[in-house]
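Taken from TrEMBL, the feature ATP binding site covers Gly120, Gln121, Thr122, Gly123, Ser124, Gly125, Lys126, Ser127. TrEMBL lists 16-364 with the feature domain 'Kinesin motor'. Residues or ranges marked as region 'Disordered' in TrEMBL: 398-428.
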Amino acid sequence: MSDGKMVKMPMPRMDSVTVAVRVRPFSQREKNSGSKCVISMHSRTTTTIQDPKNPEHRKTFTFDLAYWSHDGFQKDKDGVFISTDPSSKFASQKDVFHDLGRGILDSAWQGYNATLLAYGQTGSGKSYSMVGLGANKGIIPNVCEELFQAIEERERNQEYQVTFSMLEIYNEQIRDLLSRTKQPGGLKVREDQHLGFYVDGLKSVPCGNYAQIERLMEQGTKIRTTASTNMNASSSRSHMVITIQFRQVFLDRDLTKQSTINLVDLAGSERQKSSGSEGDRLREGSQVNLSLTNLGNVISALADAATGKKVLHIPYRDSVLTKLLQPALGGNSRTTLIAAISPADICYEETLSTLRYAERAKKIRNRAVVNTSTLMRESKAENDRALLVRGNSGMAGKLSQEQCRSRPAAGRPGVGWREGPAAGQPGARRGGLLSLPQEQWIMKTLPHLLNVNEDPQLTGVLKYFIQAGSCDAGRAASNAIRLQGLGISDKHASFTNSDGKVTVTPHSKCKVVVNGVPIVTKTKLQHLDRIILGSNSAYLYIGFPSERGSEDLTRFDYDFFQLERAAAEGVSVDKLGAASHGDGKADPGMLAVFQDYVRLMPLVAEANQMGEELKKGLRMELKVKNLAASDSRGHELQKEVMVKVTNQRTREVWIWSKAKFINRKFLMEELYQRFLDGEDSHVAQEDDPFWDPVEVVHLGSAHIWLQSLAYSMKLEDQVEFMNCEGEEEAVVHVCVTPCSPAGRACGEEDVVIDPSELLGKRMDFQVGLVRCLGVKWLKEDTERGIQMGYRIYDLSSTLYTKPVWKMVNPQIEETVQFTALNASQEFLNYLQTDALIVDLWGLQEGCTQLDCSQSDLMVTSEGHVMVDTKKMSTLMDPGQVQISELYMKLLKLEQETELLRDTNRALREENVFLKQSLEKVGSTQQGERLPHKPSNTLKEMNQMYTRPASSDREFAKALKLFYHSMNQARGQLLRLRQEKPPEEDEMLRPFVQQQAQKLKDFGDVLESSLRRLKNDVAVIVKKKRASLPQAE
């Protein structure tokens, strides 16, 4: 080989991305929610997921590897999780490393670039597989350790050069985790003709052994934790990238092999869901969301290309992440994706999304080549000198970029994230940090605070020692304990270590919470007390050595802090109204809502704090949608957490879904970070995450039971609107009246005993909303307005009343007549079992009012709204919005014909009855031979004919009274169900006594109603028997 020449480049090897799936055990949160496992793995390659709502529906995926880590394990004496027995299919950290980690090392030794991506929702176990926890080391530390072990065993006529870099991508900005200096705006991604995309200015530190890498990872994790606290950004929202440049120099052959090992822990995958911000006008605004969305677009495009579809463009340049991942996806790299999933039914949608994502990634084809080059003689001499200086240790410092550069395959870069051509190489120092022995000694002697992070990898990384005397804690540089974080003041609190005890004292109005309870005065701390400073900076207090035992600190995790805080604020499953299934266990759906509520509590506190510092004047509070609501049959509706946002100056109100709030919070964090960086944080109103156009607000629902209509009886009542918390929001005066086609109200003579008498006949009825009383929404701000809306049976759209403004007790006076031309059995069943749900909506100045037109509804020729039109709809064009005149005439003719048939049938029956009566009277007269006047005979016949109708009217009247009393009883029962016990113990006894009295009253109403009905029926029967002819 001649000097300066490259070796002959091998042909690219086409490799598919290797995909592995790993399912973790239940988290404590999932256990508390009563979760069920929906994942099964029947082989080392198949993963099956079951739909919890439809257990018969299962979907099976096939991947290269499937790891079952859900159960079948125990902890050995060193704290390492191992299989309980040889038959267990449990996959340990060692098993995962054996398959994936050793595969990466094998590729690196051969000269291939290797990439490992960890993908999955937050909390699915990505970081555990990649980094590990405690004694259970993950893939990254094991790869690094085994790399150096293998180097030590190699021949001495070869040189090995290892450099280490560590970065984080958050909000499209790159942070060097080995540098304590933060670059404003982050490091920049540049593009070089030979190198491809690289990070300009990124530190790449030469390492001679695993211990050096371990210290660098510890330093990087500490910087990442501090940055996470400062920026108020959870690590689950950022991508962490570790890059190991591994170079082998074969001195006897003038040859080098260069491999880049990229180990990537991606952000939580739920951030890239389009549904994560559904209904939000700013859904595309968050850079955090966009990063993984763009990665998904790249993977989809590459998967399509691999299956032969025509793809014009691979969108690598759409985000920082995809630029840096270009070699790993479709380029010069052997790539492995490990998809981490939760086994819980409450995570079904996220898990299914992850599995589909992994299935697409499996189709990607890479072009991996061995990265080799000749070693120029001058470079060889430099290496010899460097080797002598280092004491012939077998390790050399990093060569110049020109020497390290590999020949790109087919004009593409051979390596990924490396430094640019002019970047310097600092050493691996730990300036300003305590050495590990020093830190461990101080921890054993002094009380201190340990940080508690949502990410277990970052918990316990920061330690604040409380030395004898008094020390201040806060943002200011002069404080002995310098803290950063949302809601932390310059002088936030003072810690005093005196006479063998430690106290904490908040400054001014600064927020300090101890064991879930806010404090305002000096408070003594006990060992393992939980402290929250500001909005959500959590710390575990470790007391004096004499106070300590062999406690398991891992139980005091982030969830423990939040659950304790929720309990102290009175939030519990019982408080939220979870229903029991009779077996003593709470409803799993309600438990899941409770977990959501607790998880969002700190996020809402942070959003409020950011709004306060940015002077937005907003107040956000958590609510539970449908907490006390039910459907038309009285069944409970699915509950979900929402956020109520109130502008304290204008009193404008918005209701945000959980997904919308989370999306907005990302955007708030970006705006707040600009504020902290001293940049202009002013944005146009339409781009402000704290602002939305005013909108109508759902205030509550009222249930109007329609049973009386099935008997052609009128209902007039005052019904409560119940809000989302089960409290009365207003009262509506409503009338539901059966009537004639002309609108005349039906009388008692029209009441039917059996609803089946109405089958197939025309039914007309009116729904009248008369007045709304005591509307809280209007009491809070008299400039507001209301509208009401309802949808009956099969109406295609909701009917809304006209807006009414600035009246606390507004007159509505709106009546709509409905017509069922041919009442079906389904419609009659609906009337007997369902309620008409009327929704109350709050209007704000400037909001778009609800459309109260009826243009898209089917109407009769009289203009009445038609219901029970399922049979008619099959005869009509789907695009038709109104029945044609011809069709209306046909319907009217058919109706008149049916009426004539009914009349004719009734006349025939009457004729037979009269004939039989005359024959009977005639035979009686002949037998008795008594002269009777014809007029008297006709009078008796008329009385006989009218007796049945009179009895029916009396019976219908009795039924009407019974149903009216039943409606009152139903209202009492609903109010009883919605009442909640008081929080104060001393109020519990009066509450129980009050409830007992109400139950007694309810029973009395039921008993008296039944007694009255029984007596009325007995009287009617007695009269009917007495009126029968004596001859009978």
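Just so it is clear, glycine is given a Cβ too, placed from its N, Cα and C backbone atoms.
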Take every residue in the domain 'Kinesin motor' (16-364), average their pLDDT values, and give the whole-number result.
87
Most Cβ neighbours inside 10 Å, all chains, among the binding-site residues Gly120, Gly123, Gly125:
Gly120
I need the least crowded one of these binding-site residues (Gln121, Thr122, Ser124, Ser127), counting other C-beta atoms within 10 angstroms of each C-beta.
Thr122
Can you tell me how many other Cβ atoms are located within 10 Å of the Cβ belonging to Lys126 (ATP binding site)?
30
